[in-house]
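As written in TrEMBL, here are the features:
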BINDING   Gly10, Pro11, Asp12, Gly13, Ala14, Gly15, Lys16, Thr17  ATP binding site
DOMAIN    8-199  domain 'Thymidylate kinase-like'
Amino acid sequence: MAGIFITFEGPDGAGKTSVLNEIIEKISNKLGPELVVTREPGGTHIAEAIRNVILDTKNTSMDARTEALLFAAARRQHLTEIIKPALAADKFVFCDRFVDSSVAYQGAGREIGAAEVWEMNKFATEGLMPNLTLYFDVPSEVGLARIKNFRADEINRLDQASLSFHRRVRNAYLNLQATYPERIVLIDATQPFEAVVADAIKVITQRYPVLDL
Ligand SMILES: Nc1ncnc2c1ncn2[C@@H]1O[C@H](COP(=O)(O)OP(=O)(O)OP(=O)(O)O)[C@@H](O)[C@H]1O
Ligand SMILES: Cc1cn([C@H]2C[C@H](O)[C@@H](COP(=O)(O)O)O2)c(=O)[nH]c1=O
């Protein structure tokens, strides 16, 4: 597979979706049809339907392993319908979240364990991993406050988890970054938005000068 797979990761409210949108605006003219922008859970009709079930605030009784399996099922569908074909066609794929989210949220947040979540996801991904991951780091309190203050109308079931859940998620991301420093680059997302965007562009263009944002 010759395309390039770039993922954006981070705790809730880190700002990754806003940064991704800003960057895509800058590169879409340059890349045109060579660019695919997508998200997890979602990106396809079936995976978006699974997303709705997972994130529905009414589904308070969802078991942690059921949740992990649903994320992996959505990922599998997304991978086969969108990501793999795009990479096979030499495209750049920018994806808002991927398997690192499952390791952080279900592995650590829900305390299923990282090893089990990796193992389960290998079935879904067949080992396909991003070429580059931008990890947007913020303390949990900062991310949750942003959601509460600026996005209160869109709070989902995962956003509603406890502060200790969100702290475990952040720590898991920091561990992932320390374990895979070549793939995962940490960006300080507590900075003003423009500075976060500038750092993200720097990381991407250093790795892929062809994008020259
Ligand atoms: N650097 C920043 N400083 C202050 N506010 C920010 C910053 N970046 C993003 N925000 C604001 O924080 C809110 C959450 O941002 P965004 O939705 O992009 O985060 P996210 O990481 O995608 O969160 P989630 O994963 O929960 O969807 C938005 O209202 C956004 O405008
Ligand atoms: C892929 C994935 C996501 N999650 C969580 C992370 C967020 O709380 C939501 C998705 O909402 P967003 O606004 O699109 O970021 O789902 C998860 O727990 N596990 C995963 O694998």
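The backbone N, Cα and C atoms fix where each Cβ goes, and this holds for glycine too.
Automatic, uncurated: that is what TrEMBL annotation is.
Neighbour list (Pro11 (ATP binding site), Cβ cut-off 8 Å, at least 6 residues apart, same chain): Ala104, Asp137, Val138, Ser140, Gly143, His166, Val169, Arg170, Tyr173. Sequence-ordered, the extra residues of this chain that approach the ATP site, with Cβ no more than 8 Å from the Cβ center of Gly10, Pro11, Asp12, Gly13, Ala14, Gly15, Lys16, Thr17, are Phe136, Val138, Gly143, Arg146, Ala189. When secondary structure is read from DSSP and collapsed to three states, Thr17 (ATP binding site) falls in the helix class. For ligand 1, the binding-site residues lying close by, meaning a CB under 6 A from one of its atoms, are Asp12, Lys16, Thr17; the full candidate list was Pro11, Asp12, Lys16, Thr17. Candidate binding-site residues: Asp12, Gly13, Gly15, Lys16. Those with a Cβ under 6 Å from ligand 2, in sequence order, are Asp12. If you take the C-beta of Gly10 (ATP binding site) and look for same-chain residues 6 or more apart in sequence within under 8 angstroms, you find Lys16, Tyr135, Phe136, Asp137, Val138, Gly143, Tyr173, Ala189. Secondary structure at Asp12 (ATP binding site), taken from DSSP and collapsed to helix, strand or coil, is coil.
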